[in-house]
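J.: What TrEMBL records for this protein is below:
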ACT_SITE  H74  active site, proton acceptor
BINDING   D75, G88, D90, S92  Ca(2+) 1 binding site
BINDING   S198, D215, D222  Ca(2+) 2 binding site
DISULFID  C30-C43  disulfide bond
DISULFID  C42-C306  disulfide bond
DISULFID  C61-C142  disulfide bond
DISULFID  C270-C335  disulfide bond
Amino acid sequence: MAIKSLLVSIVSIAVLLQTSQAAIVKRVACPNSKHTAVNAACCSWFDVLDDLQENLLQSECGENSHSALRIVFHDAIGFSLTKDFGGGADGSIIKFGATELEFAANAGIDETAGDLQPFADKHGKTYGDIINFAGAVGVANCPGAPRLPFLFGRPNATAPAPDGTVPEPFQTIPVILARMADAGFSPAEMIALLASHSIAAADEIDTTIPGTPFDSSFDQFDTQIFIETQLRGTGFPGTGPHQGEVESPLVGEMRLQSDHNFARDETTSCIWQSFADNQPLMAQEFAAAMKKLQVLGQDVSKLVDCSEVIPIPKKSTVTPHFPAGKTHADIEQACATAAFPDFPTLPGPAQTVGPV
């Protein structure tokens, strides 16, 4: 009898566990929607998702998705650990756009801010929430990217961030790292955030060639930015040199001065190199740094996790390589403790990169 009772108890516990687990993953139907959610509070964000994907981002890793990621950084980095200013990821770049969008470092952000504001107003969302939601969705549209978390509940910004909080590509590495440290980010986290340049392009540095990408696979979240930035520069893509730009290795590709310097500075060169042949590490560290950036200055205990709304990115189709016409001999070795990895070279004539 004792054995039988024990078996009955074990079965009962198993049933309870299965019931408990089923309850955890039970989904609710969202009103007037094709979606279901684990947390009913997230249902309204599926409406925003559908609206953004259809009417702004086009569910692709294009210019608008790139810009949605860019504004996340420019808004959130207006924060200081040592000075009394800035609400971090609070949407102040939209709420107080008349002030912040006039800053030189925010050139080109005005279009993205103008695009996102109507979505926030239409769906009754704060500007801080819409910025971080659009950024996470935009990243998800890029193959190879990590699925970023999303939390909502940021209060509206109460004041603009001051000028000078956004690092500029022409600034020195110590100056940029000092600004990032004041916002709470280490050199390693700074480099991780620069993985965003794998899906980015420049519009304002040389206005004669808008949409000039920073690597040859700008529609993929891959490691090419960390490979190609280490190649020896040979020319400018447009009418350069311009402030914040240095020679790039490929026709049609732009290299930021800060990216060039990060890849070669003794403080950051080995961190930069570590991502060149390690896509999982790059994605992992980027996601961790972005998770921190997305809630900068916010009380996380008051936010609601709706990460379930963010789409799951597709896998990248790109494997690390040297562009056609380039080999390991074109690498400018900078890391003092390890040799830059070798990669196959794509076949064909020297590669030319087209605009976004």
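Glycine is treated like the rest: Cβ placed from N, Cα and C.
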J.: I want to check the contact list for the residue listed as 'active site, proton acceptor': same chain, sequence separation of six or more, C-beta distance under 8 angstroms. What comes out?
T.: I93, A105, N106, I109, V166
J.: Can you give me the Cα-Cα distance between S92 (Ca(2+) 1 binding site) and D222 (Ca(2+) 2 binding site) in Å, rounded to a whole number?
T.: 31
J.: May I ask which of the recorded positions C30, C43, C142, S198, D222 is closest to D90 (Ca(2+) 1 binding site) if we compare their C-alpha atoms?
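T.: Considering only the listed recorded positions, the nearest one is C43.
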J.: Given the Ca(2+) 1 site residues D75, G88, D90, S92, which other residues of that chain have a Cβ within 8 Å of the mean position of their Cβ atoms, reported in sequence order?
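T.: Leaving out the recorded residues gives A76, G78, F79, G86, G87, A89, G91, I93, G128, A157, A161, L296, G297.
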J.: If you compare CA-to-CA distances from C61 (disulfide bond) to each of the recorded positions C42, C43, D75, D215, C306, which comes out shortest?
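T.: Looking at Cα distances from C61 (disulfide bond), the smallest one goes to D215.
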J.: What is the set of residues, excluding S198, D215, D222, whose C-beta falls within 8 angstroms of the centroid of the C-beta atoms at the Ca(2+) 2 site?
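T.: Sorted by sequence, the hits are H197, I199, F214, S216, S217, F218, Q220, F221, T223, Q224, I225, F226, E228, V318.
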J.: Test of understanding: give the count of other CB atoms lying within 10 angstroms of the CB of C61 (disulfide bond).
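T.: A 10 Å sphere around the Cβ of C61 (disulfide bond) contains 25 other Cβ atoms.
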J.: Could you check which of the recorded positions D75, S198, D215, C306, C335 is the closest Cα neighbour of C43 (disulfide bond)?
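T.: Ranked by Cα distance from C43 (disulfide bond), first place goes to C306.
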J.: Which of the recorded positions C42, D75, G88 has its Cα closest in space to the Cα of D215 (Ca(2+) 2 binding site)?
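T.: Answer for the nearest of the recorded positions: D75.
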J.: Roughly how many Å separate the Cα of C42 (disulfide bond) from that of C270 (disulfide bond), to the nearest whole number?
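T.: C42 (disulfide bond) and C270 (disulfide bond) have their Cα atoms 41 Å apart.
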